[in-house]
Amino acid sequence: MTDPTCKACQGIWPQADHFITDLGLSQAYLHEDQFFKGWTVVVFRRHATELFQLAPTERMQLMEEVTLVAKTLAQVFDARKINYELLGNQLPHIHWHLIPRLATDPAPLEPVWRVQHEPIQPPAHELQASIERIKDAMAKLR
Ligand SMILES: [Zn+2]
């Protein structure tokens, strides 16, 4: 089930070259802004806007998928904390932002949306290196 007006359903967002892996009900991508290194989005594969629209079994599986990505990111980026954000105000299609917060974080008490910064879009080889590190670590946790 797709929504013709939805950027996630139409494959416009996230960017294909940021793809990390298929998780089952969802797919993981590196976020386009890597100011917070390892910032990842986990996008539900079909169109839904609210957790309460999912069947209980889907919701449980999605949480397992989100948890696997979070655990992987914590390990790969040596995070002090993972932030989990499910907002959908700008793009109402279920997608989790999983954001590793590192020891070097400029504002550890703030949600990332309140930390003013210039977005960092790493060159393709750096992006691929991060994706490979995440995939390798996830394969060992799966
Ligand atoms: Zn959608």
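Just so it is clear, glycine is given a Cβ too, placed from its N, Cα and C backbone atoms.
Bear in mind that the values here come from a model prediction, so they are computed numbers and not experimental data.
What TrEMBL annotates here:
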- 7-108: domain 'HIT' (DOMAIN)
- 93-97: motif 'Histidine triad motif' (MOTIF)
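Across the residues of the domain 'HIT' (7-108), the predicted structure has a mean pLDDT of 98. Here the motif 'Histidine triad motif' (93-97) has, by DSSP, the following mix of helix, strand and coil residues: 0 helix, 3 strand, 2 coil.
For the domain 'HIT' (7-108), the DSSP counts in helix, strand and coil order read 27 helix, 26 strand, 49 coil.
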